[in-house]
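Participant: Got these off TrEMBL a minute ago, pasting:
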- D:48, D:54: NADP(+) binding site (BINDING)
- D:125, D:126, D:127, D:238, D:239, D:278, D:293, D:294, D:295, D:296, D:297, D:319: FMN binding site (BINDING)
């Protein structure tokens, strides 16, 4: 593949299949001297872990991470940090029937034709299980961004199928398994999910992620813009079909007099830009939204073909998330963290000596 | 910057400022033996060229391209192809007043703080003028994809501000300066644009690009997915704030039974995936939509600050597109072409020897 | 670091410290469909393994490799192949005394100042132990090159300290622990090594590696020439201080009429080029020589300084190779294999469609 | 090719053929704020220029460089710097006879089989003319290294064929066209070259390059070691067949007690390491030697084949350097500068925050 490394200076190389012995990654380029232990990473992994409620897959994985290298006496050394997560609950027999069949909406058909061989067990390499690795690597990035630059990266589920959940407070997010920013919506969401599960169907979702505290200057135009790299990172997550920065698709109908964020000595008066101008962070909140498609594995029978090209009906009975979006918030946060740390490092490589007299304005004006 | 190269095997390295002596690029990795002349590239450049109607910027640039290397006796040699476009109409004095001021919605503020120095003339490096280079490089990619794999890449303006223009036919696109796929909308669009220009304001737009004829197998998961690279490439275009693949944000409210495209021996029954599953092309049309923000340069006065951090009012009188989306279709096509050729090359590097008995289905079922 | 990945399409990302829990790597980009098992890799690892004779380090490591991913039902899938080797004999206490001292000729001083933290146990990341990883990854590359292109990669110790050992036959190499190509030299070498070990000193060596059967066309000028990449790969091996291609430094005194290899329809008449012209393989044997410095860890006391900058005497009593060159042949072979597979893949990406009528000459004329 | 970019953060992308309209490059990643004009670059180009004495090629090229971008009001902006050199003296007819023939020692045969097409005029892309581009890019790097870190990069011709020229002083180098460090050798060299030219033959050479003043810490192990990158960069120069760091191949016969450089509070007592330990600069002089093969273009007739595979005799009458080494010193310096600036930037990306109490020793002890 050779497409399994992300980042230019903070590089994450991912490996592992859903039902192989292990998944993991190598994080290369982490600055030395940062305190790091398995516990720092485990906390993030637990947020994404399967089996935590009836609304997500019942696969049982403790997702216990082991640091194999790059940490000495509790601190990063600057050497590559290898992270290993052994797979535990590999009920491969559940997947025997999919060896010969291409499931609609899955990567079965494309992997088969691309590689001529396919580890079909649980989706193999194309499984969302790989996203645990991203969360683990992202935890390292998050910690460094927080400690070195005070950057805080958080996300929430802003829409589940037809139910939009507006932002109320970050405190709410941590207290519910849907990652919604207004916990009062939880009963409505549970009711919706129960009906959905019963119907054997699945549904899409929308996630919003926000980085607060990033300084002016991250991003490398004209191609490696911060928004371009966020576009790449988010779209690389399984099931993501759309990415927006700031006003996103609302920009289409906006006028210039409405969209362009005015500057004052006290800060920007709005943030339609989503914290990025000309591909470079402005000091405002960096805001991205992603669209997550409905899970393709559903009980409702669907038309497909098998490896001989013959028509078949496919119905998936395994353990699946009826809405993958529910567990996706930590993944989106991780991807944003990975993009930001890479650009923090790239920025200081070239621009470490830049000194500007002009005062920086303090992000957005508080309202 | 070191962020000015795009692609891993078909690499485009861009250079040049809006009002410097020239813009251009080096295209490295083009397969040898393809017929190529300046005329092949000029045709695409002319589609993006300024000054072609009253609805776009009146800057006069012939955008004449010169091939400096990599072509011998009319054929590519496999060596880097350098493309040069001299700037002609550099009315820098128009921009004198912006040297000290940060225009809202522009990259002025971020460039200044990032680099400590800023070529303010016409936006310098952050100007949309750089997109001519992308179109030139994209023309090379497009030609190769067409000749080698029969891939056809086309786009159209699917929405201008509030006016959605549905797809009628590709023939219509070529016959109007708005690039809309239903030419009957042109009078309505002209009327809208005339009023907009008069008001001194600007507006956003939406572009749709489609690649037809790409085979199954392009894309390198898990990070360098075809959709991730499209996300990156599109978001790297000036003014783009959102990217969708296939159903995009509509996926959020879709059920799995609706979204997942069924397969039959005659082809896929729908294309919500936008031609990509698991990050790999399916053989269906590859479909992307992008949101383009309204031009930030408007006559309506807006709040901003100057280099001393003091409040100022900014009104832009120069020559600007009131809707940059109108000229953006060729750019979006070029970016899609650049992503596809890179992945065509990457795919055959690793998978040249793959042989699969399973029949490939013929893209989508014709309706 | 972010300098721990080698290769552009066949990418090896290495991790691990000498006395950490494990070393290993991720091999990304291996073509799918190749039979691969741990046994294929173990054979190569055993050739490099410590403790096989009294002339090498007595550290006891079985160097047992585990394949964690990328192989399904005995075949590579195109997904990343993670290889894990647990460290077993971590007698860290031997190294307690070096925590505070910079050993002459070692990386202690440079790591300390670069990273501000140093895993001193056995050299940590700078230990030659990491080369086991290269041999493991190289085994995958070697196998593919052999099976797909018939390329055979072999090496031998061509000089140990003052003793030059001319090439007699490849059969000899496999039958002695010095990897010399004339086994009749073994008694002389053993005698030399016994005296050396007794003296508490160490000595340098020279290795020659040869790839036979590579076709014309591998290498990507003008920078990523095949010889440039070999220069990089060889020089990246611990203790290597020089690299030659073909005639190497003998070229300095050669005349053009002597050096330039003449072509005939029956093949090249000589191979001073070492199988590479203009950075591209010629179809002849690819030949490289490397100089390996004497081990820095010796019993003879030497001047140095400690972390406080004070003068100290250092004498190393641990388990060390008195001539690291003795075990370096498999490493040099691995590095050559890794360069060649990467270029084999890169070549076919760009040039898969090239068809030339001119007959290829059969490498060198047999003498 | 996609092998025409060098560097990871300070990236040089080269283009152009010997007898095409122009050669040039894009330098991406130069820090902003450095004063830069064409004159800064021209000085270095003039040192490498052809036609300056009877001992080098008589091709007449003024090698005038034009800066197309990345510089504003005399200072670098952080945007890509495009450098253009128009070819002037393209006497292509001299080369008509080589269109059908593969010259021994040249890249003709390999380019033909790799690409299926070949710009034969003057060697096309494989011509040493491309090295002017490296010198131009290197001039930018050199200037920055000097101004920012006080690093001085210089080289000299240490051997011309059989004549070794020891180092006497840097002052001597600048005062003779052979770049030897003891000008008293010039008459002997001239006599040797006159005889050589008369004989219609050519000869090899050895160049030594030295960087003084680099701090401890540059280099990114375990693969992107400073010495590995120097190995790559030097070996990428046309005609280079060998690279040594410090003691180089002399290390083969050295004992550990001789080779390992002792440390004292006053500095290192020797520099066999060539200023690099564990792939990281030590603060001592960084020293590399390269072997340059004899020019392949000679008047003496030699055996070869033509494009039909038939035997022919080849004798080259064009304008050629009988010893390419004579003009190679500025090229080697440029390559060293390009490696160092890239690692200076990479180092501060990751390690900008490292603080170490241990005093740094002042390079080598002065003798």
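Including glycine, each Cβ sits where the backbone N, Cα and C put it.
Remember, TrEMBL labels are computer predictions, not curated facts.
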Participant: Nearest of the binding-site residues to residue D:54 (NADP(+) binding site) by CA-CA distance, picking from D:127, D:239, D:297?
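Facilitator: Of all the candidates listed, D:297 is nearest in space.
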Participant: Below 8 Å between Cβ atoms and chain C: which of D:48, D:54, D:127, D:293 make it? I'm asking about the binding-site residues.
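Facilitator: Out of D:48, D:54, D:127, D:293, D:293 lie under 8 Å of chain C.
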Participant: Under 8 Å Cβ-Cβ to anything in chain B: which of these binding-site residues pass, D:48, D:54, D:125?
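Facilitator: So the ones by chain B are D:125.
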Participant: Who sits close to residue D:293 (FMN binding site): which same-chain residues at least 6 apart have their Cβ under 8 Å from its Cβ?
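Facilitator: Same-chain residues close to residue D:293 (FMN binding site) (Cβ under 8 Å, separated by 6 or more) are D:105, D:204, D:239, D:240, D:241.
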Participant: In sequence order, what residues of the same chain, 6+ apart, have a Cβ less than 8 Å from the Cβ of residue D:125 (FMN binding site)?
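Facilitator: Sequence-distant Cβ neighbours: D:16, D:17, D:18, D:111, D:119.
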Participant: Is residue D:293 (FMN binding site) helix, strand or coil when read with DSSP?
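Facilitator: Reduced to three states, the DSSP call for residue D:293 (FMN binding site) is coil.
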Participant: Using a 10 Å cut-off, grab the number of neighbouring Cβ atoms around the Cβ of residue D:239 (FMN binding site), all chains included.
Facilitator: 23
Participant: Radius 10 Å, atoms counted are CB only; among the binding-site residues D:127, D:297, which position scores highest?
Facilitator: D:297
Participant: Judged by the number of other CB atoms within 10 angstroms, which among D:48, D:54 is the least packed of the binding-site residues?
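Facilitator: It is D:54 that, of the binding-site residues D:48, D:54, has the fewest other Cβ atoms within 10 Å.
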Participant: What count of other C-beta atoms do you get within 10 angstroms of the C-beta of residue D:295 (FMN binding site), across all chains shown?
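Facilitator: 27, counting other Cβ atoms within 10 Å of residue D:295 (FMN binding site).
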Participant: Please classify the secondary structure at residue D:54 (NADP(+) binding site) using three-state DSSP.
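Facilitator: Going by the DSSP assignment, residue D:54 (NADP(+) binding site) belongs to neither helix nor strand, so it counts as coil.
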Participant: Calculate the distance in Å between the alpha carbons (Cα) of residue D:127 (FMN binding site) and residue D:48 (NADP(+) binding site), and round it to a whole number.
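Facilitator: Distance between the two Cα atoms comes out at 14 Å.
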Participant: So, in DSSP terms, is residue D:48 (NADP(+) binding site) helix, strand, or coil?
Facilitator: helix
